[in-house]
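Here's the structure, in structure tokens; my notes come after.
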């Protein structure tokens, strides 16, 4: 008689379930069962655990009970118990112990699975992690704090792993390490009108371009200051002399007298810069020396005319690296560590500008020629503001960001008023828009610069919020 297929189905399921149930009974044990081990672990049958174990705790041969493991260097592999935490049983020639080895009656030693040194929280260096754990167990037995791992490698030294991700891909850190020694912090002082006491009024950044102490920075950083002090990365300070200034380009050259050769930065070719390149800005914002920010090049040729500077021949580098007054004058560098610009201007978050290195080269060449020919540098007039020309598109953008922005579409927008300057004394404030001077309409920042050169008194009308305010500013004549 033939048995129907449907009747065979329950029998088939029972046969499939049998090995599964056997596997479940040994759950929690990944190793093959040793001889004499029960089919199912019963924790209630485990012997009492000792309070202290020299080698740490481990599972017995059956994988059921926690027992004291053998310490590092102890025998293992025959009748001895398992090795302790982090240890493995190794027979001569470094072969891990196995069932085959045990059957051949070969004994082994408990060896730490980790061979590199580690530094403990007790300031001691241990040959491996197992020795540190043993020290921690001894410490706890004496009712002292446990010893924890602080770092790989010996105490007091780093662990250099050339194959680690941070070692392979931290190219920004490599650039900073290369350029930082040649970046300087600049502190500026002025004398008080009545007491003649000098007070610090501002700070900025610069970078060394010659081994004998020539330093490039922004013109607005050093102009109208009675004393300029330069601090190197090693903390040494020097008095600096202003050698040359180009206010239109906003580049200045200062010099310190230093014995010995100084580290220098080389200028790259800004004309070869591409949008999307990584750049690093370094400087001293808020007097925090060697502060690093990173970003990409947004565009390589943001023309001064696009910024509303009608008579400007400057093509700025636009970047989203953070630039502010403190790191003005510091270098903007590429990943080769070459200077491709001077940090100079921040319009708003994510929109900053740098003077291209090709302009710096031109300035340094012309400065060398002037000094070689002995030409005197004439005094210049200064009021102490940083400004940009306002256009309808920029006015709309600023109004979207600042609800109280004035309802104007042209003029000179004041980005910053430098402390202790004629502009501050006259009452100008950040975000003011200059709309006329001495009865003449102001359309761009160049209009303001032209009037400053010609006039000794500036009667300004500025738009502040929704009000027009009359302000008088008297420019100062300064040594560039």
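Even glycines carry a Cβ here, placed using N, Cα and C.
Sequence annotations record features per position, and here Swiss-Prot assigns disulfide bond to 37-62, 41-64, 46-65, 53-68, 76-89, 83-110, 112-130, 119-155. Residues or ranges marked as domain 'IGFBP N-terminal' by Swiss-Prot on the basis of sequence analysis: 33-113. The domain 'Kazal-like' annotation in Swiss-Prot covers 98-157 and rests on sequence analysis. Swiss-Prot lists 204-364 with the feature region 'Serine protease'.
Locations of recorded Swiss-Prot features on the structure.
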residue : record         : CB count, 10 Å
37      : disulfide bond : 17
41      : disulfide bond : 20
46      : disulfide bond : 13
62      : disulfide bond : 16
76      : disulfide bond : 24
83      : disulfide bond : 29
89      : disulfide bond : 24
119     : disulfide bond : 20
130     : disulfide bond : 26
155     : disulfide bond : 16
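Ranking the disulfide-bonded residues 53, 112 by the number of CB atoms within 10 A of their own CB puts 112 at the top. Residue 110 (disulfide bond) is surrounded by 27 other CB atoms, counting those within 10 A of its CB over all protein chains shown. There are 16 other Cβ atoms within 10 Å of the Cβ belonging to residue 65 (disulfide bond). A distance of 8 Å separates the Cα atom of residue 41 (disulfide bond) from that of residue 65 (disulfide bond). The DSSP secondary structure for residue 130 (disulfide bond) is helix. Taking CA atoms as the reference points, residue 83 (disulfide bond) and residue 89 (disulfide bond) are 6 Å apart. Residue 76 (disulfide bond) has 110 nearby among the disulfide-bonded residues 62, 64, 110, 155, counting only those with a Cα within 10 angstroms of its own Cα.
Looking at residue 119 (disulfide bond) and residue 53 (disulfide bond), their Cα atoms lie 23 Å from each other.
When the alpha carbons of residue 37 (disulfide bond) and residue 64 (disulfide bond) are compared, the span between them is 9 angstrom.
In the three-state DSSP scheme, residue 89 (disulfide bond) falls into the strand class. Taking only the Cα positions, the spacing between residue 130 (disulfide bond) and residue 110 (disulfide bond) is 11 angstrom.
Taking the C-alpha positions, the distance from residue 89 (disulfide bond) to residue 46 (disulfide bond) comes to 23 Å. Closest in space to residue 110 (disulfide bond), of the disulfide-bonded residues given as 62, 64, 68, is 68, taking the CA atom of each residue. When the disulfide-bonded residues 53, 62, 68, 112, 155 are screened for a C-alpha within 10 angstroms of the C-alpha of residue 46 (disulfide bond), no residue qualifies. The separation of residue 64 (disulfide bond) from residue 155 (disulfide bond), Cα to Cα, is 39 Å.
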